[in-house]
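Here the structure comes first, spelled out in structure tokens, and everything after it is commentary.
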């Protein structure tokens, strides 16, 4: 039996930007009727490679073959003509148009007689393409009435109208519920059966092993290898991605606990927290687990002063404090890293340095009330080095950094204020495995230095691996607390769903 021809073959692809070589002699293969995972840490070059394939960027060197024939991708239009479509993490549907108008946007069907758009034909063809992916939605509905999962189906149907043979999906389940994710997997299976090659980018390992057939790995802008999914496990895949074996994903450090740092008594807020009481010591990481909507983030935001408490007391170092707003919390040494770093944690249009000192500008005021840029720059460079922020310089826009490095910048912003209590909400969401371990090591260092840390996470292995104690919330209340040595996923989930033994 002869060797099968891949649907897609990229050979020797290189791409440079000013000051950085993003891709260096990268190769990639994907087969029709298969789902190929494209893996790598943030900054490995995945997005750049896919932007070259989909016509957003032009390659400096290299060749692209589709079914053995070399093609020249000069732009988005030529990529689509070659049968290549990308479905971005941020969906590009237009909410003010109907489903059929979105599906055929730029490719409308016109009446032979009037020259006007043939709405009836658009609706009929839209229904046909939607049925092909098992989606039963009225094509006349406005896209604004759809949920995220349904909007994603519109993007996939749109790809089919362009005779897509290769569909790239970039972090497709990030904003989906569990039910929507399962529906997407069914659609991917239907596409696969049609002979379409799917390139699937995700940080979620469980998804890779569930739906993918092969994996292609990039590391530091270079090709790091490929494998059949059946031939590798989680540890081998991580080793390919980071270039080293991660024996221990969660480097827990046991340190001596200090005095009581934070005490919360009977705290409530109208956003959903009901009578929460707990303590936190210096040199301790308190993990908070719970299902979505359990009140974890609301509790954090109430302590931080973003939400107004309706009852309860907060004490710091044994003395009651009054927190009515965020500045009250910051002035008392309480800082909060939001679960949504792009919307609430940083300003994407500002530089790394500007984001770092944003909350601490008064420190750099001279007697003329202007900024002492030299002193500011010294502190910025210190933290860039101290917590290993990978950036060309402090002037780089934070939006150009990987998720892990953005998180480090936000952490540095708060560390510059020397907080006593640090609340971190979903600290490694959307961050690759290598950067995760760096964040964990950093939290361990902060704990060892006497900081009191609250870590909210939906990742149970993370909560179990890093925390000294675990507090579980359910429906706005604290449903239980577990010591590190007695906690496991089952005991946490029982408390999370309200089963108290």
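Just so you know, glycine gets a Cβ as well, placed from its N, Cα and C.
Sequence annotations record features per position, and here Swiss-Prot assigns domain 'ABC transporter 1' to 8-245 based on sequence analysis. The ATP binding site feature in Swiss-Prot is assigned to 40, 41, 42, 43, 44, 45, 46, 47. Per Swiss-Prot, domain 'ABC transporter 2' is recorded for 255-500.
Annotated features taken from Swiss-Prot, shown on the structure.
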| residue | record | contacts (Cβ under 8 Å, 6+ apart) |
| --- | --- | --- |
| 40 | ATP binding site | 46, 217, 218, 219, 224, 241, 432 |
| 41 | ATP binding site | 219, 241, 242, 402, 404, 432, 433, 434, 435 |
| 43 | ATP binding site | 220, 390, 402, 405 |
| 44 | ATP binding site | 218, 219, 220, 221, 241, 432 |
| 45 | ATP binding site | 22, 23, 26, 218, 220, 221, 222 |
| 47 | ATP binding site | 170 |
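Mean model confidence for the domain 'ABC transporter 1' (8-245) is a pLDDT of 87. Under DSSP, residue 47 (ATP binding site) is assigned to a helix (H, G or I) in the three-state scheme. In this view, residue 46 (ATP binding site) is surrounded by 24 other Cβ atoms within 10 Å of its Cβ, with every protein chain counted.
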